[in-house]
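Copied over from TrEMBL, here are the features:
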{"type": "DOMAIN", "residues": "41-155", "note": "domain 'Fructose-1-6-bisphosphatase class I N-terminal'"}
{"type": "BINDING", "residues": "Glu75, Asp96, Leu98", "note": "Mg(2+) 1 binding site"}
{"type": "BINDING", "residues": "Asp96, Asp99, Glu240", "note": "Mg(2+) 2 binding site"}
{"type": "BINDING", "residues": "Asp99, Gly100, Ser101, Ser102, Tyr204, Lys234", "note": "substrate binding site"}
{"type": "DOMAIN", "residues": "169-290", "note": "domain 'Fructose-1-6-bisphosphatase class 1 C-terminal'"}
Amino acid sequence: MSADHATTDHPVVDAVFETVASTAPEVRESLVGRRSYEEGENPSGEQQLEADIFADQLFEEALLALEGVGSYASEERDDVVEADEQSDEDYHLALDPLDGSSNVKSNNAMGTIVAVFDEPLPAGGDALVAAGYVLYGPLTTMVVACDEQVSEYTVVDGERTVNEDELTLPEEPTVYGFGGRVPEWTDDFAGYVGLVEDELKLRYGGAMIGDVNQVLTYGGVFGYPGLRHRSEGKLRLLFEGIPIAAIVEAAGGRSSDGDGSLLKKTPEALHERTPVFVGNDEFVERLELALE
Ligand code: F6P
C-alpha cells in the first residue's frame, strides 16, 4: 500500500476500499455499450440497465473474495449473498453499484455507494463501521468516512491518491438540490423549500452521489422527501440513506429522515425506503422544524 493512501485502523475496511477503487475503472469503461435497459426490474421496482447488472457482478466477485467479508447485499439483488467461509468477525457490505444509473443515457454523473457493517444485513447505523462512495464525474473520485474522519481520493488506473484527508462541510453553504416532482411535495416541505431558495442556489443532477458531493464541496442541503403518494420517498435506507448520512455527519453536517438522524434507524427489510436529508446543520434543523 503506498504512502499516498490515508488508511483506517481496520485492515478489512482498507481492503474493501482498495478493491472498490481498483474495480471502479472497469465499471466506468463498461458503460460504453451498456446504456440499454434489461427486461427485468430491480427489487425496488426500477428498470435495470445492463450497466447496473455488470457493475453489481464485478463488485460482488471482487469484494466477496476478500478475507473478512462475510456477505454482500446490493440494490440490484433480492437477497444477501454469503461468502463461502463465514466467521463472527466478518464485515457485511451493502452496495448501490451504480447510483443514478439513469444518468448514463444523458452522460451525467453517477456513483457507487459502499457501506461496511459489523453485523449481518439488514443492519442499522449503530452497526456501520465505514461508508464511502465513488463519483464517476469528469474525474473519478472516492470519499471514505471511517472513525469520524472523511477522506477524499482521486482514482486513476485503479489506484487512489489522497486529495484531502479531513474533509469537512464548508461553513457558508451555497447549494441545494431536492428530488421528486413539485406537485408531489407536501405543503410543509414546499414551504421549507421556499425558505431555502431565498438563501441557496439550485444544483440538482438526478444522481444522489453527484448531488451530495456538491453539498460536501460547497455546503448546503440535499434531500429526497416523502411524497404525497409515497410518504417513504424514493431512496433506500440501507444502500443510500445510512451510508450518505454517515459521511455527511462525519464531515460535520447533519442527516435526517425528517424527524431525526438516519443513523438512528435500522431497516426491517433490505430494500426499505426513507425520506433522506443531509447537509449543513442549520438547513437540516430547519427542515425538521418545518416538518414537525
Ligand atoms: O436512487 C436512485 C436515484 O437515481 C438517486 O441517485 C437520485 O437522487 C434519485 O434517484 C433521482 O430521482 P428523480 O429522478 O426522481 O429526481
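Note that Cβ sites are derived from N, Cα and C of the backbone, with glycine treated the same way.
Any TrEMBL annotation is an automated prediction that lacks curation.
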Out of Asp96, Leu98, Ser101, which binding-site residues lie by ligand 1, with a C-beta less than 6 Å from some atom of it?
none
Just the number: how many Å between the Cα atoms of Glu240 (Mg(2+) 2 binding site) and Leu98 (Mg(2+) 1 binding site)?
11
Identify which of the binding-site residues Ser101, Ser102 has its Cβ surrounded by the largest number of other Cβ atoms within 10 Å, counting every protein chain shown.
Ser101
When DSSP states are folded down to helix, strand and coil, where does Tyr204 (substrate binding site) land?
coil
Lys234 (substrate binding site): tally of other CB atoms within 10 A of its CB:
19
Reported in the order helix, strand, coil, what are the DSSP residue counts of the domain 'Fructose-1-6-bisphosphatase class I N-terminal' (41-155)?
22 helix, 52 strand, 41 coil
Looking at the binding-site residues listed here (Asp99, Gly100, Ser101, Ser102, Tyr204), whose Cα lies nearest to that of Glu75 (Mg(2+) 1 binding site)?
Asp99
Conformational class of Lys234 (substrate binding site) under the three-state DSSP mapping:
coil
How many neighbouring Cβ atoms, not counting its own, are there within 10 Å of the Cβ of Glu240 (Mg(2+) 2 binding site)?
27
Glu75, Asp96, Leu98 excluded, remaining Cβ within 8 Å of their centroid (Mg(2+) 1):
Asp52, Ala55, Asp56, Ser74, Glu76, Leu95, Pro97, Asp99, Ser101, Thr112, Ile113, Phe239
